[in-house]
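Shown next, in structure tokens, is the structure this report addresses.
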Amino acid sequence: MKIKKHKFPGVYVFIDEDGSEKIATKNLVPGQKVYGERLIKFEGEEYRVWNPRRSKLGAAILNGLKHFPIKPGSTVLYLGVASGTTASHVSDIVGWEGKVFGVEFSPRVLRELVPIVEERRNIVPILGDATKPEGYRALVPKVDVIFEDVAQPTQAKILIDNAKVFLKSGGYGMISVKSRSIDVTKEPEQVFKEVEKELATYFEVVERLSLEPYEKDHALFVVRKP
């Protein structure tokens, strides 16, 4: 068993006893599990194994993502934070110097995040509607990165609208697109091309990556605000 640094700062490669490689983050709150993930102790540090079947971002990294703008110290706006599975790994990466502002529409789901953020003080939970960024404008500063995981037909527009309000010039957006949430009648490839075209009206599209086999009919886009 061994842990080594990944090419992305704050991400680690965990080599299991059977030789298989997984990804992990250094646990910001040692002893805390967020979603039943495996905790690994190695050379005096504790790491959390990042499950790609529970996290679109984890799936993207394992699939060979080339651009990962979330770094130690980053300020991140997370749209569709849900109960915090992926956000907790982002929290590990950005560390105490960084901040994760997590917007969630469902009060019931956001309540599940409360016990996590009591110890992870770098996550700020916000009850809000990602389609209406003005509603949480007073709570969120300018950010380095926006990550969006909102399964809605207008998800590209949601990223653009939030970037106009919150994203620094030169900052990055990351969006997980589920083709069936946009149009079930079209082939996923057609949907992804249309999303890319819409994103390109405002951003420079830096990368597009399939999330198969972890997520069916999903792609992750990385974009940059000029």
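Here the Cβ of each residue, glycine as well, is placed from N, Cα and C on the backbone.
Annotation source Swiss-Prot lists S-adenosyl-L-methionine binding site at Thr85, Thr86, Glu104, Phe105, Asp129, Ala130, Asp149, Val150, Ala151, Gln152. When secondary structure is read from DSSP and collapsed to three states, Glu104 (S-adenosyl-L-methionine binding site) falls in the strand class.
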Extent of the S-adenosyl-L-methionine binding site in Å [max Cα distance among Thr85, Thr86, Glu104, Phe105, Asp129, Ala130, Asp149, Val150, Ala151, Gln152]: 20
Sparsest-packed among the binding-site residues, when each Cβ's other Cβ atoms within 10 Å are tallied, from Glu104, Asp129, Asp149: Asp129
Residue among binding-site residues Thr85, Ala151 with least C-beta crowding, 10 angstrom cut-off: Ala151
